[in-house]
Amino acid sequence: MTRPYNFSAGPAAMPESVLRLAAVEMLDWQGSGMSVMEMSHRGKAFMSICETAERDLRELLAVPSQFRILFMQGGGLAENAIVPLNLSRGGAVDFVVTGGWSQKSAKEANKYATARIAASNEADGHTSLPTPASWKLGKDAQYVHLCSNETIHGVEFHELPDLKALGCDAPLVIDFSSHVASRPVDWSRVGLAFGGAQKNLGPAGLTLVVVREDLLGHALAVCPSAFDYKTVADNGSMYNTPPTYAIYMAGLTFQWLKRQTAGGLSGVAAIEQQNKAKAELLYSFIDNSQFYQNKVAKDCRSRMNIPFFLRDEARNEAFLSGAQAAGLLQLKGHKSVGGMRASIYNAMPLEGVQALVSYMREFEMTQA
Ligand SMILES: *Cc1c(COP(=O)(O)O)cnc(C)c1O
């Protein structure tokens, strides 16, 4: 059986070998007589699954020891509230708006704090990144929030800002939902990173939070206990029942990631090389075409989410139905942007992008 290529923005394609291993282990995990879904989260078997997942993730992302790794629930959208509940102290927060997700984050934070827009690329339709030197960061900001990869608009920070160098002592919060584990993270510039699992790590239901220890313990009194980072950290992510099966699946994905190699590199460094090659293939095809178009500035184009347009939008329906027939799924763009979007996360093999480019070339020829 060959599976079609799934370009969904999320929930997204998972590595086939991970799905196959999960299928083998579905009814009986390693002689336990139970599916992982049926295990007590405090039992020995699941505790070992969870600890291994956390250790592998720490190794893969080179997370320093002064950061805690939390497995939570609620997704990126819940974190839009949970972060200000924990970090804002009810004060002011500066947002760098670079697309739909950071815009949403600012709006939600404003319920619990004073959300200020320090910079925005709204004027150019979210197709560029405002240079950090132009950001209006307040001295009283409790933290600065940005979305390091805008899933809808296809804008990615290829370097995180050095807030200290900008004269700002506030911690940087990043929403890395849609490019976590696709590239290394410079933790020296980050106070907290969060992301839903369903794009690059595993199934929906698990939310990853990586937080510097000194930021724990400042939650507002109204913060739900299950969302207080300190409570979650003190209880090893088991204050409430964690999303056990999603953690297990993410753990299998981490092991798959550790096995990746490319040009003498392994793990995240290897997958980064693969991701670069995949993105370059698609962008260079689009840029060399008179038929297709990508509108994002070249220095901040996402390696994960590539929105593109047919110059003649009357052909959109034919493009999508032909793609579906060719085994290329979920290419329709987000409703707020239109056109097409190819999400090519870690689990998308190079062959999938090659198949997409071949289809795009053929489609153009049939339309001449
Ligand atoms: C998908 C996504 C979210 C929302 O995640 P949910 O799990 O649906 O809450 C937030 N931020 C970014 C950047 C995303 O890509």
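Each position is counted from 1, following the chain as shown.
Glycine too: its Cβ is placed from the backbone N, Cα and C atoms.
On a predicted model such as this, the values are computed, not experimentally measured, just so you know.
According to TrEMBL, the protein has these features:
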type    : residues                           : note
BINDING : R42                                : L-glutamate binding site
BINDING : W101, T151, D175, Q198, N240, T241 : pyridoxal 5'-phosphate binding site
DOMAIN  : 5-356                              : domain 'Aminotransferase class V'
MOD_RES : K199                               : N6-(pyridoxal phosphate)lysine
Its Cβ having more other Cβ atoms within 10 Å than any other among the recorded positions R42, T151, D175, K199, N240, the winner is K199
If you measure between the CA atoms of W101 (pyridoxal 5'-phosphate binding site) and the residue listed as 'N6-(pyridoxal phosphate)lysine' and round to the nearest Å, you get 14
Averaging pLDDT over all residues of the domain 'Aminotransferase class V' (5-356) gives 98
Ordered by sequence, the long-range same-chain Cβ contacts of T241 (pyridoxal 5'-phosphate binding site) under 8 Å (at least 6 apart) are H41
Sorting the binding-site residues R42, D175, N240, T241 by sequence and keeping only those with a Cβ under 6 Å from ligand 1 gives D175
Between the two most distant Cα atoms of the pyridoxal 5'-phosphate-binding residues W101, T151, D175, Q198, N240, T241, the distance in Å is 30
By a three-class reduction of DSSP, D175 (pyridoxal 5'-phosphate binding site) is assigned strand
